[in-house]
Amino acid sequence: MAMALSPAQYIAASANDKAVVAKAKALTILSNNANSKPSTTTTATADLSEQLNEETRNRYEKGRKLGEGTYAVVFKGHLKSDPASLVAIKKIKINANYKDGLAMDAIREIKFLQELSHPNIIALHAVFTSKNLQLNLVLEFLPRGDLEMLIRDPKNVHYGLADIKAWMVMLSRAVYFCHQNFVLHRDIKPNNLLIAEDGEVKLADFGLARSFADPYEKMTFEVITRWYRPPELLYKARHYSGAIDVWSVGTVFAELILRKPWMTGTTDIDQIDHICQNCGTPLEENWPGVSKLDNYVPPAPSAIHPIPNKATWLGNFGTVGPQGVDLLRRMVTLDPSKRITARGVLEHEWWISDPRPTKKEQLPKKGGGEEKMGEDLKRTGRDFEADGRVDKVARKLFP
Amino acid sequence: MSRLAQRGGTAAATISTTALPMPSDDAICPVCKASRYWNSQVPMLMNPECYHKICKECVDRYFSHGPAPCPVAGCGKTLRRNRFRKQTFEDLQVEREIDIRKWLAGIFNRREDEFDSLKDYNDYLNQVEDWTYNLIQNIDVEATKKQINAYKEANQKDIAENVSLANQEHLTYEQRQAAEKQQARLRREAARREAEEERRIKEEGRNSILNKVASGEANLRDTNRVELKRASGRGPAKPQLTDPFLEDASKGAASPGFQIKGLKKRVQVAPEAPFDPFEGLLYKPQYHVVRDNYPWDFLDSTRKDIKHAAGGYDVAQYCARALCDAFSGLGVFIEDEIAAREGPPAPEVVEQAAAEAATSGISVDPKIKDDVF
């Protein structure tokens with residue numbers, strides 16, 4: 001796999017080191033197993049891969065169920081050797097559509113997550129199979145919910161420009177890293193942006209990801225949740241690039257500002273209509289070649305929306321300042337070849353303008369359920385400690 | 001706090017250290033003998049200088065023209081009107097103790113986080129409490145006062161800083177904003193004044209050169225050199241700025257008696273580095289260069305294909321990926337990575353392995369041992 005090698009060149013990247021260390025670990029485990037006697041649980045006849053699998057499975061303790069979807073069940077778990085190291089174990093359900101193989105999503109997720117190691121991308125610690133050959137992914141435990149939860153709760157969660165900037169820069173880093181390693185995520189949306197305990201945003205769900213295609217290799221256009229889908233995919237383009245993810249990032253940006261989804265089409269046609277209204281109607285003048293795309297229907301001259309001017313954008317999204325609006329406009333440029341690249345996003349001046357992005361520890365969080373309880377327990381502990389501390393200080397009589 | 005400290009700084013050093021007046025009948029002013037019985041409206045005041053109680057009317061009468069001796073028979077201490085106040089506690093002992101503690105709290109306002117360890121902080125508090133006790137109980141008053149004053153002299157800057165710190169904690173956000181603005185204005189003004197001064201000196205220098213040249217007094221070249229030197233030297237008369245911390249430290253060391261142990265070294269907080277959107281992860285291929293264009297028909301045809309162009313397909317990305325796939329292996333140094341992971345191999349282990357190998361009759365090159373493949 002070519003991907004495996006690409007991170008090797010990050011100048012200051014720890015990513016590369018980690019990847020190599022992970023592989024080296026796999027090697028040591030392998031060699032240990034080969035040298036030592038088979039463990040008691042495995043039969044002597046079990047082959048090497050089964051032993052390895054057994055080894056990995058025995059390292060983790062599966063806990064209670066956190067949630068269940070059509071595609072997978074998620075459990076909370078931890079390392080047997082260290083109960084404090086929490087992980088999420090995602091058990092892929094055996095899908096009726098893939099009777100004699102693995103679900104495509106699972107394969108994609110494993111294929112890309114095991115290669116990408118970045119602070120803003122969810123970490124895949126291990127993969128093993130349990131009984132009935134069910135696939136289990138051991139993922140980083142991210143207890144703070146997702147960005148969508150924060151956006152949709154204006155009553156309890158208040159955030160400002162610096163917070164939006166902090167979240168956006170973390171998302172942009174993740175997307176830049178994916179594209180730099182030639183991976184298209186193809187499903188960026190707020191509920192795929194999970195939040196770690198320390199506030200770090202992590203891009204998750206690589207079930208639709210793929211690597212960049214060769215020329216003339218056709219890709220599917222049925223990717224990305226509709227509201228976040230760029231016009232070229234709605235026009236059924238078969239050859240596209242990282243620009244599709246940048247569009248999604250732009251719509252997430254707009255959603256963070258508006259605190260509601262920006263362009264909410266009910267069908268694909270309706271979605272195109274929303275895009276025409278908000279970003280202008282795609283025409284040959286503003287997007288050369290668009291009329292040659294499969295699903296393009298020339299609009300009636302009366303229905304043509306001009307590309308909105310700067311003042312209109314400022315009116316709708318002015319809270320992020322003129323530079324932020326400029327970045328948003330570049331992200332949702334109609335013509336994908338003129339759209340800003342993931343690297344261009346990070347080079348934009350908005351990030352270095354005032355205010356500085358909030359530190360991740362200080363970002364707004366949303367408590368709830370188990371996490372809230374955990375927090376409360378922690379707090380009491382701290383208070384006790386503080387009391388003990390005060391007792392040790394010689395009492396000041398005045399003031 | 002600050003008002004206390006200021007008041008304490010000027011006057012509180014003169015809290016009575018002699019025996020307190022005997023608790024006399026509260027109701028009668030010792031000066032005019034007016035009894036509260038007759039005139040209940042007149043409050044009794046006292047002065048922390050000697051704690052004698054005098055009725056308000058007498059205070060107004062005696063001290064309206066400035067300081068005067070205490071009118072109570074046998075006292076005669078010089079009192080000022082502004083320090084007269086109502087008694088807070090019925091027991092004058094308590095009243096006095098509180099005064100002393102207030103005064104000392106204004107001087108000894110160090111915070112716990114200034115100390116290296118809890119023990120140092122407690123030692124410091126203990127020392128302060130010893131002095132407080134001395135002052136309250138009138139033990140070694142002069143020596144104690146001397147030490148306290150020496151401390152105050154030596155640590156003036158820290159005291160003021162802690163006072164302002166305490167004030168800041170009380171200020172609301174707006175007030176803080178206003179204060180910052182004021183500070184910035186002062187700084188700007190200072191900078192402007194400095195620039196003005198510099199300009200003035202330069203101007204003067206130039207004028208004197210011109211004058212001298214005009215009067216044909218001196219050779220132009222010599223004059224120029226001398227005057228320029230003077231102008232650039234900015235005058236030796238200007239007081240040299242010294243590091244206040246150093247100065248404080250030397251004073252503290254010079255003052256006899258009390259030394260605070262375990263005070264943390266003050267560290268200047270480094271200014272935050274400018275925000276880096278890439279977080280240091282800017283990609284740059286080390287072993288190859290991606291060119292803008294490669295002469296290959298396949299690429300050209302892709303570039304010209306309208307469906308590729310309209311869909312935003314990026315041929316340059318394809319080239320970058322192909323080159324990356326081809327050359328990334330050049331950046332992998334397995335031996336270095338193994339060495340970094342395991343650290344230098346312990347010689348004993350290698351020898352032992354070699355010895356085992358020798359006994360078992362198989363020759364193993366210790367170098368290959370790491371490599372399982």
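Backbone N, Cα and C define each Cβ position, glycine as well.
In TrEMBL, annotation is done automatically, which means it is predicted and not curated.
Annotation comment: TrEMBL describes A:D187 as active site, proton acceptor. The Cβ of A:D187 (active site, proton acceptor) has 22 other Cβ atoms within 10 Å, all protein chains considered.
In this structure, A:A72 (ATP binding site) is part of a beta strand by DSSP. Annotated ATP binding site per TrEMBL: A:L66, A:G67, A:E68, A:G69, A:T70, A:Y71, A:A72, A:V73, A:V74, A:K90, A:K91, in sequence order.
The feature domain 'Protein kinase' is assigned by TrEMBL to A:60-351.
The region 'Disordered' annotation in TrEMBL covers A:33-58 (among others).
The region 'Disordered' annotation in TrEMBL covers A:356-384 (among others).
Model confidence over the domain 'Protein kinase' (A:60-351) is summarised by a mean pLDDT of 89. For the binding-site residues A:L66, A:A72, A:V74, counting C-beta atoms within 10 A of each C-beta gives the highest total at A:A72.
Figure note: comparing Cβ neighbours within 10 Å for the binding-site residues A:E68, A:K91, the maximum is reached by A:K91. A:D187 (active site, proton acceptor) carries neither a helix nor a strand DSSP state and counts as coil. Taking CA atoms as the reference points, A:V74 (ATP binding site) and A:D187 (active site, proton acceptor) are 20 Å apart. A separation of roughly 21 Å, to the nearest angstrom, links the Cα atoms of A:D187 (active site, proton acceptor) and A:K91 (ATP binding site).
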